[in-house]
Amino acid sequence: MPQTFFVFCFLFFVFLQLFPGTGEIAVCETCRLGRGKCRRACIESEKIVGWCKLNFFCCRERI
C-alpha cells in the first residue's frame, strides 16, 4: 500500500513538471484587473481586496 501511494505521488509530480502552471498559482499572478497580486499572505503595505484560487489572497497596495 505505501509503495502504491509513493508511485502515485511521483507520477503526479512528473505530470506537474510536464505541464507547468497546472495545479499551482504564480505569486506574481494579477487579480482585480491587474491592480493586485495573488499571494498567500499580504505584505504590511498591502491590504486584502479579494480572493484568488485556493488559499491565495488578492493583495493591493494601501492608498
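Yeah, the Cβs are placed from backbone N, Cα and C, and that goes for glycine too.
Partner cysteine of Cys31, as given in Swiss-Prot, is Cys58 (from among Cys58, Cys59, disulfide bond). In the disulfide annotation of Swiss-Prot, Cys59 is paired with Cys42 out of the candidates Cys42, Cys52. Bond annotation: of Cys9, Cys52, only Cys52 is listed by Swiss-Prot as forming a disulfide with Cys38. Taking CA atoms as the reference points, Cys31 (disulfide bond) and Cys42 (disulfide bond) are 13 Å apart. Cys58 (disulfide bond) sits 6 Å from Cys52 (disulfide bond), taking the C-alpha atoms as the reference points. A Cα-Cα distance of 9 Å separates Cys52 (disulfide bond) from Cys59 (disulfide bond).
Around the Cβ of Cys58 (disulfide bond), a 10 Å sphere holds 21 further Cβ atoms from the protein chains shown.
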